[in-house]
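Visitor: From TrEMBL, for reference:
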ACT_SITE  Glu1196  active site, proton acceptor
BINDING   Cys20, Cys25, Cys28, Cys50  [2Fe-2S] cluster 1 binding site
BINDING   Cys90, Cys93, Cys125, Cys127  [2Fe-2S] cluster 2 binding site
BINDING   Val243, Val244, Val245, Gly246, Asn247, Thr248, Glu249, Val250, Phe323, Asp328, Leu372, Lys390  FAD binding site
BINDING   Gln711, Phe742, Arg856, Ala1018  Mo-molybdopterin binding site
BINDING   Glu746, Arg824, Phe858, Thr954  substrate binding site
DOMAIN    1-68  domain '2Fe-2S ferredoxin-type'
DOMAIN    215-382  domain 'FAD-binding PCMH-type'
Amino acid sequence: MTLLTYLRRKLGLTGTKLGCAEGGCGACTVMVSRYQTHTQQLLHYAVNACLAPLCSLHLVAVTTVEGIGSVARKLHPVQERIARAHGSQCGFCTPGIVMSMYALLRNNPTPKMADVEEAFQGNLCRCTGYRPILEGYKTFTVVRHKHSRCVSNVILYKPISNQHVSDCKLCVFEQEATPLFTATDFAPFDPTQEVIFPPELMSLTKGQRSGSLCFRGDRAVWLQPDSLDEFLRLKWEHPDARVVVGNTEVGIEVKFKNMVYPVILAPAFIPELNTVTHTEDGVVFGAACTLSHMGAVLKEMVKTLPPHQNEVFLAVLEQLLYFHPISDLNPVFMAAGCKLTLMDKDGSRVVQMDDSFFTGYRKTTLRPQEVLLSIEIPYSKKNQFVSAFKQSPRREDDISIVTAAMSVTITPGTDVVEDLGLSYGGMAATTVLAKKTASRLLGRRWGEGLLEEACSSLAEEMTLDPSAPGGMVTYRQTLTLSLFYKFYLMVLQKLRRASKLTLAVCVSVTCVLQAVPEGRSQDDAVGRPMMHLSALKQATGEAVYCDDVPLYENELYLALVTSSKAHANILSIDSSAAEQMPGVVCDSDSLMSRLVTFLFSVQVTCVGHIIGAVVADTQLHAQRAAKAVRIQYEELPAVVTIQEAIAAQSFYQPIRTIQKGDLEVGFKQADHILEGEMHIGGQEHFYLETNVTLAVPRGEDGEMEVFASTQSASKTQSLVAKALGVPANRVVVRVKRMGGGFGGKESRTTVLSTVVAVAANKLKRPVRCMLDRDEDMLITGGRHPFYGKYKVGFLNSGKVVALDVSYYSNTGNSMDLSLSVLERALFHMENSYSVANVRGRGYLCRTNLPSNTAFRGFGGPQGMMVTESWMNDVAQSLGKPSEEVRRLNLYVEGELTPYNQILDQFTLDRCWDECLSRSVYQERRAAVDLYNRQNRWTKRGLAIVPTKFGISFTAAGALAHIYTDGSVLLTHGGTEMGQGLHTKMVQVASRVLGIPCSKIHISETSTNTVPNTSPTAASASSDLNGAAVQNACETLMKRLEPYKTKNPKGTWEDWVSRINLSANGFYKTPDLGYDFDSNSGRAFNYFSYGVACSEVEIDCLTGAHRNLSTTIVMDVGHSLNPAIDIGQVEGAFMQGLGLFTLEELHYSPQGVLLTRGPGSYKIPAFGDIPTQLTVSLLPSTENIYPGIFSLQAVGEPPLFLAASVFYAIKDAISAARVESGISGPFRLDSPASAERIRNACSDRFTKLCPPAEPGTFRPWSVQV
């Protein structure tokens, strides 16, 4: 049992969350404290409770988020500051982030900002964009001056004119500023007032005679020896026993790979395995030393030792900086010739870590009864140079694509190679030495001739099979050369005594700009940066999510049985093994089986297709039984990719077309015509709270109460009722809050909720299911991958006069919402540009993948991404600046879109000009060009990109009750998923009723209070529900008017009596409707506009990039709540950053999803924020906006602005290609991963590693 299961299921402490079960998201972070007797130190660690075995916590104090503070009792400063700094949106990740910060402060009460950033390397957040979290927590740091990283206050600025930009160009005058939060209001942090280590544990630890422990479970025995002799004896008796110290690997093997280890040995606290010894040759670390302890020791040694002895230590520290436990250090140990002491009960032996140490994948030369006692890391010698390199998709907490360590010893007084070690990880099943290359270079001079030979030799020696696991074969081979070249340059610099080139950390000032309303009453909550209503509860772990609902007495747990084939007929299902497993619950209708009925159809159409379900007494028992179900298939041909669908003409109907003008005339008019294509990859929602449903039969009249994490309560109600065969009035769906949604919980949640409800109804007992992260990613689908083909006609000036574009969407195995997604892509095919003659066609590709679904932007980002690709191509083909061509083609007020809607209330030109001004674009452009002339192997790029996003949705309802004590209970049809909808609705009600927000409460969203609601989606929830709330509250105010008139000096409480104090509200968006056949009607109620400018720096040798600067100008109208809106802009931008530069879903050619968790699927982390981020809410002076109180939608529109980073990367690649004599347009698919960037920077190294011919091999993954 893990610590997380014990906390949540045994103790009922639900503040600690389950996000991934593999230690990759940090939602389950707690602090553990232990008194170490041999050092007499008290140690505090932040640990992942989802991996920490309960058995390992003997004599350990565990502190959870509930233990440090609560809303009812007293908040801890760590909890208060993240909440009041607006750093908690959906809140599901917040307890884990709070505990990471708390553990840091327990070890270091006065941290630097770098310490804070390092502490958060294991934490992910999908909502906030990270900036407000760092802003709140920088108040704990010792350095908070202007030029430390992430240090400025979040500021609400009054509008400034262009001449107000200061000389430094990156900061804005602050004398007019009003902060979003005031740090001086925070409760002071006093480290002397923390909870002490329990004295009982201290006494027990000091007084224990034997630390030996034995725990026996159903399938395993946990043995914890307290001495080295006992450990060696146990390993001799149990040679196949698995040794566990941290459980980061074994925990995942047991959970996800179904491994069973009957005997586990846990030697973590044996003194000899934790000692650090300094010798004449180096430093010896015990095998159980933590990596953080190793890092601390080496840092101290580097400070005191002569520089020439530190080369190996610095290489180790370099790898530890962004360490991932899988193999990052092995190349360093191998290149440095580290010595390993191995031991069994008969004695010890020392082996050198070389290419003979690893005998195969996850196999070493250790004999079964041997253990690793220690590792000796040697001092480097004079004239020895050592470097380590790691290239991974994401810089923080990520598995390497290729990792390397290189060591060269030069003959004193010369530049001749005396000894050379080149070690690589990621180029074979084990860490390998490039021995042939190294031997060829011995005796050679360290110069250009050596480099040429090394590269050609490495290209021959470091080869990979084109079908190698992990894919990226050409990229990995190129990296072996590129990393050697980096090493070559470093050594050359040191030999020439040149100062090492370092990249300075840029100033990181986050300026959030917004017009402050003039003359607004202080009592009016609208327009104020009010904290998210649930933020404090979320920071203390008291906010209740669906799986936090206490267990019912007779509750059962459900696990799904899913298909392992992409397209097949089911021949048979054998559930006999599952029926015999512990805890599986009897299905009363079945004579033979205790398995809940299968819900399968005859045919499965994707991997992850739900076939059936097993119900048992616990989650563990249900999941084990589900895995024991055996299914026989007859496989059928599968269509996986868009290209396969095109070849097979596998499309859903209809094929959509929008056409305006005359294409033939347009292309004749054009001076130039170009054609191109682009693929945009899909994206996983990665809401921190996976899909979860709890169904509770109410025992009479077929009533069912469903607690669900869904954006669509009414749709869930409708489909559950249909599945149960009862009217909708017998089903109540309740949604308190969600831990993120992003569109992924609009339609796909019903796949789970209907199954759970059927099981609960059949067994007449409550049934719960929360999907594991890997299940959720496998089953629920994500953003649609798109393929776009275009033909563009344009004049010499750059003006586009004709466009013919086709979109192909990978829909998956059902239509779901795909037609609407494709239609929105077509509605955004011109983005913000006026094109007189245009045709767009959209095709829905029917494939054998899980059905793709709604995702923030809903097809708009894919449509606009293709637009910006052809716009970029036009500029490049003409040799004109891209910003000039974009500006030339921008819409102006009053023009018609391709679907014949007039653009009124147009602010895009203002956004564009303000973004150019605030980003100091022309100065940046000149600086980027200068940088690129001066640097060959790093290049910078700059891009400015607009967005025009249509807003349309239908209707919403609300219900308001006023009680006789003056308090108000408000309900509306929208659901809270972190976007602050409930907070904004309270602000609306507060203004209309004229009472403080503190008198108004929203409990939950439920179908028995507001019926027939629209899904909370399409960025329109504040518009729709706000208008419905306004309608209900105005009705109440009309009823109260006679009493206010009669008693004008009375109080609110005096007026609210003796009348009907309950009112419904309703709102429907007027005059919406578009007809594709006639290309007429009104597709959108209005448009949201924004512009972003981004600057990046790429490493041409590795493909890595850094986000240097982003300036966003977004028109949100008159913001209801600037703090929440700014959070939405930043969160959407970071999600777009993931979509366009980082996040890749890998599928096998057979349609199996290979990326099923944070270990293999990387969303942006804290370190991916642009170093300089400026967000400006466009100042509004007129009430021209159609939304309630003149607001504009903000949830989805900013996401596409992250395309500015993609096109800045493309700009940088263009500069690199010019160095190789290549110019003009080129294809770059999305996301702009390190692999794609490196391969596009064509140079002499890429030419040495040509890709294999397509069709000659079976790739590891395919572009779907």
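Any Cβ shown, glycine's included, is placed from N, Cα and C.
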Visitor: Is it possible to get the count of other C-beta atoms within 10 angstroms of the C-beta of Asn247 (FAD binding site)?
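Guide: 23, counting other Cβ atoms within 10 Å of Asn247 (FAD binding site).
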Visitor: Find, among the binding-site residues listed as Cys125, Cys127, Val243, Leu372, Ala1018, the one whose Cβ has the highest number of other Cβ atoms within 10 Å in the structure shown.
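Guide: Max Cβ neighbours within 10 Å, all protein chains included: Cys125.
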Visitor: Sort out for me which one of Glu249, Glu746, Glu1196 has the most neighbouring CB atoms within 10 A, since those are the recorded positions we care about.
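Guide: Going through Glu249, Glu746, Glu1196 one by one, the largest Cβ count within 10 Å is at Glu1196.
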Visitor: Between the two most separated Cα atoms in Gln711, Phe742, Arg856, Ala1018, the residues recorded as binding Mo-molybdopterin, what distance in Å do you get?
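Guide: Binding-site diameter by Cα atoms for Mo-molybdopterin: 13 Å.
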Visitor: Cβ within 8 Å of the Mo-molybdopterin site's Cβ centroid: which residues qualify beyond Gln711, Phe742, Arg856, Ala1018?
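Guide: Those within range, site residues removed, are Gly741, Gly743, Gly744, Glu746, Ala854, Phe855, Phe858, Met977, Thr1016, Ala1017, Ser1019, Gly1195, Glu1196.
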Visitor: Please identify, among the binding-site residues Cys93, Val243, Asn247, Gln711, Thr954, the one with the smallest Cα-Cα distance to Cys28 ([2Fe-2S] cluster 1 binding site).
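Guide: In terms of Cα distance, Cys28 ([2Fe-2S] cluster 1 binding site) lies closest to Cys93.
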Visitor: Looking at the binding-site residues Cys25, Val243, Asn247, Leu372, whose Cα is closest in space to that of Phe742 (Mo-molybdopterin binding site)?
Guide: Cys25
Visitor: At a 10 Å cut-off from the C-beta of Arg824 (substrate binding site), count the other C-beta atoms across all protein chains.
Guide: 26
Visitor: For a quick check of understanding: among the binding-site residues Phe742, Phe858, which residue's Cβ has the most other Cβ atoms within 10 Å?
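Guide: Sorting the candidates by Cβ neighbours within 10 Å, the top entry is Phe742.
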Visitor: For Val245 (FAD binding site), which residues in the same chain are close in space, meaning a Cβ under 8 Å from its Cβ, but six or more apart along the sequence?
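Guide: Spatial neighbours, sequence-distant, of Val245 (FAD binding site): Ala266, Pro267, Ala268, Ala287, Ala288.
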Visitor: So the record assigns Glu746, Arg824, Phe858, Thr954 to substrate. If I measure every Cα pair among those residues, what is the longest distance in angstrom, as a whole number?
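Guide: Farthest Cα pair among residues binding substrate: 17 Å.
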Visitor: Out of Cys20, Cys25, Glu1196, point to the one nearest Arg856 (Mo-molybdopterin binding site) in space (Cα versus Cα); all of them are recorded positions in the record.
Guide: Glu1196
Visitor: In the domain '2Fe-2S ferredoxin-type' (1-68), how many residues does DSSP assign to helix, to strand and to coil?
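Guide: Result for the domain '2Fe-2S ferredoxin-type' (1-68), in helix, strand, coil order: 15 helix, 21 strand, 32 coil.
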Visitor: Please identify, among the binding-site residues Cys50, Val243, Leu372, the one with the smallest Cα-Cα distance to Cys127 ([2Fe-2S] cluster 2 binding site).
Guide: Cys50
Visitor: If you measure from the CA of Glu1196 (active site, proton acceptor) out to 10 Å, which binding-site residues from the list Cys50, Val243, Thr954 are inside that radius?
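Guide: Those close enough: none at all.
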